[in-house]
Each structure stands twice: as structure tokens, then as C-alpha cells.
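Asker: From TrEMBL, for reference:
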type: SIGNAL; residues: 1-28; note: signal peptide
type: DOMAIN; residues: 43-347; note: domain 'Peptidase M14'
type: ACT_SITE; residues: E311; note: active site, proton donor/acceptor
Amino acid sequence: MKLLREQLFYLSILTTCFLPLLAPSAGADVKPQKENYEPDYTTYHNVSSLETEIQRLTKRYSDFIQLNNNYKSSAGQSQLVFRVSNFSSIAGSLKGKVRIFLSFGEHAREFFPVESMLHFIKNITDGVSQDTNKTEGLKFSSWVLNNFDIIIIGMANPDGRVYIEKTQNYCWRGTESGVDINRNFNWNFGGQGSSSNPLDGEYRGPHAFSEPETEVFQNISSIFVPDAFVSFHSGVRHIYIPFADSESKQGRRFPANKVLLVRLARHISRSSPSRLFKFGHAYDLTGYTADGTSFDFMAGHAKIPFSLAIELWEHRHHRGRSCFDEFNPENEDLQVGLAIFEWIFEK
């Protein structure tokens, strides 16, 4: 119990550093709609520029970032899996560090979480690149790198993003073939909180783990044995604790450490300087269930002590059927959304 409490403490601090800001939209179709605004790729990153930037950071900060390009999508695109820690000197020993597993880009239309990931990594690397050891940036970076061993899936669904780039269909949620990988996990797979219709946004695929994109989650959870997992999304400002599936809702099934998970979610919510996040079970907050999700799988099957899904950003006055603005800020507002990190650093 003492170890779990320590892990809760460390995770609560680390996770607040990811708070630029959390949506699932219940399984509507994913046909293109008239958009109020679209991404400017001199502001947002497309798949190619994101990969280039991660590779650049890996080469420049090889003592702190290790890129693994072995995990590929159906079309052979890298899922940009990389590890972040201090790999140099005695301080670089990974033994005893809190192991964190983070996932971004599961849903193609949610650009903002991926930008948040890159912003976080740049803040860490900018900190260690500074000349003086008296800067707050260096203190924060050193604390993260010396106390945590973090594995990140930077782009879980690259084929879906490439599909959006080709078609300008900003409502597209799944892989290029339309599978929602966040309904493809072996936790109550096939339940009512997913769809068997390939034209539906929550199409779960033919069977659990049918998609190459979900293999990385299985492998990392079994090999890395994380202390915590967080799946990042956008569309509302919610923090979800397990479980989100239909069977759990009906049977009121909860993780054994629900009290600690609620405490963690509350702490993260209160860390936001602008507006609190709502937190709890997804079906209580959204009115619908979600079956076969990554964070339920991590909690239920992989037995990771702390598993959350966090929805990072919402358009407070969204109306109509447009999609990009439902999940992502305008180009000129992107850095403002990400700047919340600076506030957290100052605290």
C-alpha cells in the first residue's frame, strides 16, 4: 500500500504537466462536413513533420530519448514509440524509477493531444539544454528524467492521420480502414459501447486486437510492466477512471483501488489554472459506454495499478456537425492552449 501511495503521488505530479487542458463523440458516422477552420501545417504538425521532429530530438538528446521504430501501422508507418529518461551516468539507472506508459493519437481527428505530447517533450529537452543549473526549467527536467522511466506512443494511429491529410475529412476517427483502435482491445470487446458497422465511428474491427496498431499496447504493457498508463484524447475536459464498458456499468464493476484513482483524478482536475476537469466513470459523464478501450484493458487485463483516460481540450460553444473545431483549437490559439504547461512549471 505504501508503494501504491508513492506511485500515486508521483503520477499525480507528472500527469499535471500534461494539462494543456478532454471527446469521445458517441459513434456517429465519419463523413466529411463543412469545417469552420482547418489545420495550418505550419502550426500543427502533419505525420511527416512530427516524425522528423521526434527524430531530431532523439539525435540531439540521445542521453534522454530513445526512439523505437519497430512498431508499425497497417501501412507500415512508424507509431513513434520512444522512451524518455536519464540514460546517462549513475543517475541514469532505470532501477527504482516510476514507470509511466502514455498514449497519444489513438483517434485520427484529435490533433491536439499529439501537439501536447510534443510540447511536453520539448519542455523537458529545453530544460536540460540550458547552461545554468539554477533555472527552473532544468530543475523540472532533471526531476522528471531522474525519477521517471516513460514510454510514449507518440502517434498510435498514423494511417488515420495520413487519411485525413489526403482527404481533408476531419471527422475521420479510425484507422485508414475505419477501425477505432480504442474499441479494439480485449476488455468486453464487442459490447454495446462499440459498433460492428464499418461505417460507424466506433467500429471495433472483426475481433479483439485485429489491428497491428494495438499490438504495441500489448507488448509494452507486458514487457515494460508500467506503474501507470494514461490515454490522451480531446473534445471535452474529462478524466475517466476504469471501467467504461457496458458490462461494468451494468454490474457496477470497479477497480480495487478506485478510491486512489478518484483521488488522483481529483488532484489532476484541481491542477488546471483555468477551469476544473470533470472526473469519474465515462458513462456517468458522457451518458454512454465504451467497450474495448485501451485504458480499461490496461486496468482489467494488464493489471496496471493506475490507468486513466484524459480528454484534454474542448470547444466550449461548439455547434453543428463540423469536426476539427470540436476537437482542436484554432491555429492561432494552439500555443495559448499549450502554454498552460508554463503555468504548471512555475508552480
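Glycine too: its Cβ is placed from the backbone N, Cα and C atoms.
Let's see these features in context: how buried, what's close, how far.
Answerer: Within the model, the domain 'Peptidase M14' (43-347) carries an average pLDDT of 91.
Under the DSSP three-state reduction, E311 (active site, proton donor/acceptor) is assigned to strand.
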